[in-house]
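In what follows, a single structure is set out as structure tokens and then discussed.
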Amino acid sequence: MRFHHIVVLTGAGISAESGIKTFRDHNGLWENHRIEDVATPEGFARDPALVHQFYNQRRAQLLDPKLKPNAAHLALARFEQQHKAKGGRFLLISQNVDNLHQRAGSESVIAMHGQLQKIKCPVTGKNQSWLKDLTAADLCHCCKTAQPLRPDIVWFGEMPYQMDECVDALMQADLFISIGTSGQVYPAAGFVQIAAESGAHTVELNMEPTRGDFAEGYYGPAAKIVPAYLSKLS
Ligand code: APR
């Protein structure tokens with residue numbers, strides 16, 4: 001086994017071929033919405049209806065029977081099983097809030113930016129699964145004064161989930177693979193540096209090279225290059 005402890009980071013690019021828009025490509029989500037309006041606590045306080053509409057549309061897309069994990073999601077799930085069966089360690093950290101990794105069968109997944117199909121109380125942080133539209137009328141049951149529930153999404157200016165576990169894994173990894181992310185949003189954009197400084201080999205699989213400093217890179221559509229790369233690793 002060439003690499004024992006593998007950490008993978010994914011971004012919107014791995015879900016693009018499943019039909020989910022990325023953020024910064026042409027016609028991406030940030031071309032049609034201002035981040036400060038729909039992806040910050042201040043935006044939610046200012047106009048909750050706009051924020052609910054933005055996430056309700058994206059959550060509804062996950063229920064579309066045409067939306068499926070693509071070959072890249074499936075290859076990652078298969079590789080994880082095979083690698084663990086040989087005694088290897090594997091962690092998938094995703095910036096994506098869709099559920100395609102989980103639907104593909106990935107098990108060790110950290111959804112560091114939250115999940116579209118979860119909502120939470122803004123005061124206690126208690127979260128729950130939620131598949132339908134969320135409105136300002138949907139209130140929590142955990143507070144004495146019921147609070148309007150919010151999407152369980154990590155907004156700009158908020159701390160991503162399970163960062164300690166992410167950094168621990170990156171510092172122990174001997175292989176770090178970044179897939180389908182532009183590397184423009186921290187702390188995820190800094191993961192390659194943490195891994196490299198801890199001695200890991202670093203690989204970028206993306207449509208095109210980004211600013212990240214990787215030891216190796218393969219470029220093209222994820223559904224093609226991810227299965228190809230992982231089959232060489234197995
Ligand atoms: N195959 C591989 N890579 C692709 C594909 C594809 N089919 N399509 C697009 N890409 C690449 C793009 O070249 C780009 O580098 O995926 C990357 C997508 O970048 P972004 O749209 O910036 O998405 P991401 O990196 O996931 O954004 C990070 O920013 O807005 C926040 O919270 C949001 O999690 C998101 C974070």
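Numbers here mean position along the shown chain, with the first residue as 1.
Backbone N, Cα and C define each Cβ position, glycine as well.
The annotation active site, proton acceptor is assigned in TrEMBL to H113. The NAD(+) binding site feature in TrEMBL is assigned to 11-30, 95-98, 180-182, 206-208, A222. Per TrEMBL, the feature substrate binding site maps to Y55, R58. As annotated by TrEMBL, Zn(2+) binding site applies to C121, C140. The domain 'Deacetylase sirtuin-type' feature in TrEMBL is assigned to 1-234.
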R58, H113 as recorded positions, winner by CB count within 10 A: H113
Candidate binding-site residues Y55, R58, C121, pick with smallest Cα gap to N27 (NAD(+) binding site): R58
Close-lying binding-site residues around ligand 1 among G11, Y55, R58, where CB distance stays under 6 Å: G11
Using Cα positions only, nearest of the recorded positions to G11 (NAD(+) binding site) (R58, H113, C140): H113
Candidate with sparsest Cβ neighbourhood (10 Å radius) among C121, C140, M207, the listed binding-site residues: M207
